[in-house]
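As recorded in Swiss-Prot:
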type	residues	note
TRANSMEM	3-23	transmembrane segment
TRANSMEM	43-63	transmembrane segment
TRANSMEM	85-105	transmembrane segment
TRANSMEM	109-129	transmembrane segment
TRANSMEM	203-223	transmembrane segment
TRANSMEM	238-258	transmembrane segment
TRANSMEM	269-289	transmembrane segment
Amino acid sequence: MDIALAIKALILGIVEGLTEFLPISSTGHLILAGQLLDFNDEKGKIFEIVIQFGAILAVCWEFRHKIIDVIKGLPNDPRQQRFALNVIVATIPAITLALIFGKAIKAHLFNPIVVASAFIIGGLVILWAEWRERHRGQTHDPRGNALLEAAKAGAPRVETLDDLRLSDAFKVGLAQCFALIPGTSRSGSTIIGGLLFGLSRKVATEFSFFLAIPVIFGATVYELYKERALLSTDDLSIFGIGFVAAFISAFFCVRWLLRFIASHDFRGFAWYRIVFGVIVLVTAYTHLIAWQA
């Protein structure tokens, strides 16, 4: 086994696992890391598909009890049927656009400059969304400028996954479409979209996790079938290293994020995106790093 290649696979697997479910864009990080590590050829693209599969399996394991309950309840449990329908409805917009524009997006937008720009814009959107969340529960006293807390106005409308309506799911699905632009972040689009549409932070995050399952599973199966001619048993060890690294790092990342959102917002991720995006743009325009267009 090529040790240098194995180390690259390990690093990229960890990058995928740590960034797939945070609002910072795994695709954007993989594009940048792949170029820095010189691991962005055709085999590298197949490798990215494999490690995404490892990351999504970590979510399936973390939420295995809920997934089993949904499967068991599909024949006769209206609550589980409604949840499954919500996931399906939220998945349709992004899949539809990906099938129509996927090739054009990969041909023209999968480059560091677009990624960096999306990092910055996405960070600004997160800051605005968090500002909106903090001020949603405040209103002005008509007799003066004093602010009064309006608990009812500030409380999220959707506090549990069972409260999620079909229209809510569809709106989150529309928000997910922005994630087709590399650097935007699928989890960031769905979580922030959920917050803007009245979901609590916990519900928006959990629904984003569940929404990732059909999206990433579907993309993995489709891409592996399409690129099956490039698959080789010689690559199994390298793919295996990346797969396991992505699974383990994603598993711990998902658990950490679920604890984190209980007492924190996403402003830290927003500033990270902005700073990282600026660094990429500066290094590109000053030629400190020869990013490929």
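Cβ coordinates come from backbone N, Cα and C, glycine included.
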Comparing 43-63, 85-105, 203-223, 238-258 for Cβ pairs under 8 Å with the transmembrane segment (3-23), the winner is 238-258
Are the transmembrane segment (85-105) and the transmembrane segment (269-289) close enough that 3 or more Cβ pairs fall under 8 Å, when only pairs 6 or more apart in sequence count?
no
Item checked: Touch test for the transmembrane segment (43-63) and the transmembrane segment (109-129), at least 3 Cβ pairs under 8 Å -> no
Sequence-distant contacts of the transmembrane segment (203-223), meaning Cβ under 8 Å and at least 6 residues beyond its ends, amount to 20-21, 46, 49-50, 52-53, 55-56, 59-60, 62-63, 66-67, 86-88, 90-91, 94-95, 98, 156, 158-161, 163-164, 169, 172-173, 176, 186-187, 190-195, 254, 257-258, 261
